[in-house]
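TrEMBL annotations:
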DOMAIN    7-200  domain 'Lon N-terminal'
BINDING   352, 353, 354, 355, 356, 357, 358, 359  ATP binding site
DOMAIN    588-768  domain 'Lon proteolytic'
ACT_SITE  675  active site
ACT_SITE  718  active site
């Protein structure tokens, strides 16, 4: 059984003592001094153990390692300041158990730990391995103490060899403590061998690095000598700036800067560092760039903001045709800013397909408010550092895009457009959308810290507007911070007026032509919209008109003409064959053919659903690249018809003796969504009952197994498509009735909308 005794406990900061080791150290804490002096007076032993955290001033038992060393005090001397200098000798390992007292110093029960012996052959093998590893380590250490080396190499006791090496080699505190904890000599030897080999490898790497550094220094010293000569020559010629003078200039700029005390202190420290560093050093350029960047930031520069709501309305109307609901919402937003003195915390997100005017609306808002406008494109960003910047320690570090935009604006209150916010992506470098959370939160962004600037910057005066094509890819926390305004697209009439009043003139000016030299007839413009573009916005229309303007310019030069007028007849000459064709209304009512309505990213479309019924065994074939939701709609329609076969005048055994083929042209275009449910059901009933469907009618709506008609989205776009195709009657779900008000007036005048709640109402109006 191991010996148990009560001993004073002295915690050691950053030191591990081993048995057989003589150590001198200074003790300054009162409890440690009392423990050591008492032990010296009473000739008792002391238990020394390392602290887990050296910063703890009054460590308790759980702040110290349980395993330590029982030592004998050889000498105690008082030193100035109330401390003592002590020389001790390690006797044996010990484990600290329960505390006996804490005053006037810590005393605890200590269990002495003996050494475990091993068979001679095993012990001898370990001794050789340890000595070999130690010898290799010493060969890489030029300043190793000879006495210690001789003591290790002359000893034939494995425990003593391991403890001597553990005490003498510069291992980490944790490694030394692990060696002390390992009572078994063989296990300790394995740990010592592994640690020595690791240290040897590090020393070899250090020597390689030192050689490379020396070679580089020799080269740098030569360069330094030449640069110093150049500096003297430059000074004699009266050219070049002295770093001290340059630093003084920076200090003057910093003292004049209207920024917070924290910012000025940081910049003054950097200026002091700049003065001490040689101009040839790489760090000098880094500090110069940093100071220039921070000093260029608009710390207290603001532009005057105007709150004239009538002027804002005029600017929006001048810049954009249509978009009445969007304009109204923006004017409401600006009105609130006028009443709150610009303290509106809403972040606007303009969402809609490409080319509908999201970016230009933001520009108009900036113009209406008299704010500087800066655009940041977020498309493809996948690194958080693009938002927050890179730390100065990196080569080529620079501020993030937010701070770069502020510097570009030159004012503290610009309008910043965060374009394509839905195109950001996260990867192993971080999530930029998470970094934007702080930027777009007016509760937090008053002290935004860019990693490069390292000082807080106030973004609360900035008006942020974002744009997106879709909301599905925006993270939910980010979306919650924004108020979404949807720009769904332009009607045919709106496109025509935008083209006539804005885009033709713009295309002419862009290509150096006047309105007299380049003209587009109304019928030609309508044909361009119908047959050469297919989009929700007007971007493609603008590009097509620019193409015509370029071709007109060449035609004038080649044919010596003074002007060119584009007509419907000459379109093919300039633009080639028509790219798009409308699926016009069927010429006559047919069996099993129904016109449906679809909503795509470029606006509404009409699509035909065709059903053929043949004698067979009940197979159902679906073609036309239909998605899963559309296939399920077809199955639901068939189940509905089977349940109402008698009422509909259809053979109740049709699902056994008939094959059904449902096809939705065009076959190469993928299609999906639930809104073709009633269209498929009507086509099936028509084909199975041999009753034709009216050719002047279109429909949209989701169907349930009970025959209910559920609401759909995109009614405005679908109505435009029906109107374009010459259809004047559209069956819609009853719940979509309020959406009719959103449809343009000219469409509402010419299309009769029939709201219905059930398939009975659909069939009653659709079948001839």
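In case you wondered, yes, glycine gets a Cβ from its N, Cα and C as well.
A map of TrEMBL features onto the structure.
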| residue | record | Cβ within 10 Å |
| --- | --- | --- |
| 352 | ATP binding site | 23 |
| 353 | ATP binding site | 20 |
| 354 | ATP binding site | 14 |
| 355 | ATP binding site | 21 |
| 356 | ATP binding site | 27 |
| 357 | ATP binding site | 24 |
| 358 | ATP binding site | 25 |
| 359 | ATP binding site | 16 |
| 675 | active site | 26 |
| 718 | active site | 27 |
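Apart from the site residues 352, 353, 354, 355, 356, 357, 358, 359, the chain places the Cβ of 350, 467, 469, 487, 536, 537, 539 no farther than 8 Å from the centroid of the site's Cβ atoms, the recorded ATP location.
Along the domain 'Lon N-terminal' (7-200), the predicted structure has mean pLDDT 86. Secondary structure at residue 718 (active site), taken from DSSP and collapsed to helix, strand or coil, is helix. A separation of roughly 24 Å, to the nearest angstrom, links the Cα atoms of residue 354 (ATP binding site) and residue 675 (active site). Secondary structure from DSSP puts residue 352 (ATP binding site) in coil.
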